[in-house]
Amino acid sequence: MESLTLQPISKIDGQINLPGSKSVSNRALLLAALASGTTKLTNLLDSDDIRHMLNALKALGVEYKLSADKTECEVTGLGRAFEPNEALELFLGNAGTAMRPLAAALCLGQGEFVLTGEPRMKERPIGHLVTALKAAGADVEYLENENYPPLKIKGTGLHGGTVEIDGSISSQFLTAFLMAAPLSTQETTIKIVGDLVSKPYIDITLDIMATFGVKIENQNYQTFVVPANQTYVAPGDFLVEGDASSASYFLAAAAIKGGEVKVTGIGKKSIQGDVQFADALAAMGTEIEWGDDYVIARKGELNAIDMDFNHIPDAAMTIATAALFAKGTTSIRNVYNWRVKETDRLAAMATELRKVGAVVEEGEDYITITPPASLQHASIDTYDDHRMAMCFSLVALSDTPVTINDPGCTSKTFPDYFDKLKELSC
C-alpha cells in the first residue's frame, strides 16, 4: 500500500481557492440532466464521485461537454425522466451522492436498472429511501442484502401521495426523494419520522431545486409538500460553490499553527452548512473573519469545546483532530451518522486518535478527545475514507511527523489536497 509521511510543518500561511463542492456538483448535474434546456456548470469538482455521476448520466443518454480540466461542464438536459432503450447496470463506486439520488430519479421514467458499487457501498444503508419510493409506486428490489445496495429498479413513474421518510440516519434519503418528487404524477407530501440529521444539506438541495425552477413547501423540516408534474428548467449558468467541508482543514491549520489562511469560494452567503465549521473554530478561540465569498482564520489559543455537531457531521471530523492541539477535553456529540459514511467514522477516528497518543472515549453517537502532552508518530489507516486522510494530515502541525496510508483516497473529493497543503506550508 502506498503511504505518505508528512514531516513537521513549521508555518502555515496563504490563500486557498477551493475546489467545487461535491454535494452541490452532483445535485446540480442530476437536475441539469432532467431539466429542459442547457446548463453550463463552472467550478465543477473533478473527483471520483463526480466521475461516477457523469458516467451514469452518459449511459442514461445525457449529452454533455466537459472541459479539459474537467471543471466546466455543459449539460444538454432531457427535459424529462430517463428512458434508455436497454437495461443498464450502473457502477457508482462509493458515491452516496450518486447512489441515493439516482435510485430515486430512475423510478420516474422507464427502463430496467441495476445500481451497484464498491464493497463499502453495499454496507451503506438505503432502506429508508427504498421504503418511501415503494410507497409512492416504485418497483425496487434488493439484489443481495435487505436495505442495502445493489438495487434493481424498474421505471414505473411515481404517483406521489403521502409518504414517510426516516430522517435520523442520513439526510441523503430525503434529498433523493425531494429531487424526484416534482416529476411525480400527483402532489407529494413527505413527512419526516425521527429527528432530521444534517439539515443544512437539505437546505443545499432546496436551494438548487429552486434554482432549477421547481416549487416546494417546507413546513419546518417536518413536512415537505411538492406539487406534481413540474419541470426542471435549466438556469443557464450555474456556479458550483467551493467545498465548505474541504475548507475545514485549511482553516483548522491556521488555528493550530498560527499565520493566516484565507479560503475563497465560500463565505457568509454560502448555501452550505459546513461553513459553520468556522463558528466551531471561533468557539475554540480562533479569530475568524467573514466575507461574502471568503473566510479567514488566524491563530487563537485553542480551548476544548463540548458541542452538538449533528448539523455539520463531515466538518466535525476536523474538530476531532484539531482537538489534539486544544487545552482540555473536547466532546463531539450527536454524530451517529458518522457510522454510515464512507467508513464507520466513529470507530475509525477513535482508533487512529489513540495511535497518536490521545485519550479517547467512543460512544454510540459521540466521541471525546483528550490530547497527550506530546503527539506520537504513527501510521494512520484511512479506511478508503478521504476525510480520514485529510483530517490526520493536521498531526504534522505538531513537532512529530505523521504517515498517511493510502493518501490517494482523497481523490473522492480533493485529488490534489496534499499539494495544496504543501503550498500553504512553504
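Yeah, the Cβs are placed from backbone N, Cα and C, and that goes for glycine too.
Values in this document were obtained by computation on a predicted structure and should not be read as measured data.
Feature annotation from Swiss-Prot assigns 3-phosphoshikimate binding site to Lys22, Ser23, Arg27, Ser170, Ser171, Gln172, Ser198, Asp314, Asn337, Lys341; the stated evidence is sequence analysis. The DSSP secondary structure for Asp314 (active site, proton acceptor) is helix. For Asp314 (active site, proton acceptor), the same-chain residues 6+ apart in sequence whose C-beta sits under 8 angstroms from its C-beta are Ser245, Asp274, Lys341, Arg387.
Summarising the annotation, Swiss-Prot assigns phosphoenolpyruvate binding site to Lys22, Gly96, Arg124, Gln172, Arg345, Arg387, Lys412. For Lys22 (3-phosphoshikimate binding site), the same-chain residues lying six or more positions away in sequence with a CB closer than 8 A to its CB are Leu45, Ser47, Asp49, Ile50, Thr97, Asp243, Ser245, Lys412, Thr413. Lys22 (3-phosphoshikimate binding site) falls within a helix when secondary structure is assigned with DSSP.
The active site, proton acceptor annotation in Swiss-Prot covers Asp314 and is backed by sequence analysis.
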Looking only at Arg27, Arg124, Arg387, Lys412, which of these binding-site residues has the biggest number of Cβ atoms within 10 Å around its Cβ?
Arg387
Chain-internal residues, separated by at least six, CB under 8 A from Arg345 (phosphoenolpyruvate binding site):
Met317, Val335, Trp338, Arg339, Asp385, Arg387, Met388
Using Arg124 (phosphoenolpyruvate binding site) as the reference point, find which of the binding-site residues Arg27, Ser198, Asn337 has the shortest Cα-to-Cα distance to it.
Asn337
Roughly how many angstrom lie between the C-alpha atoms of Asn337 (3-phosphoshikimate binding site) and Gly96 (phosphoenolpyruvate binding site)?
13
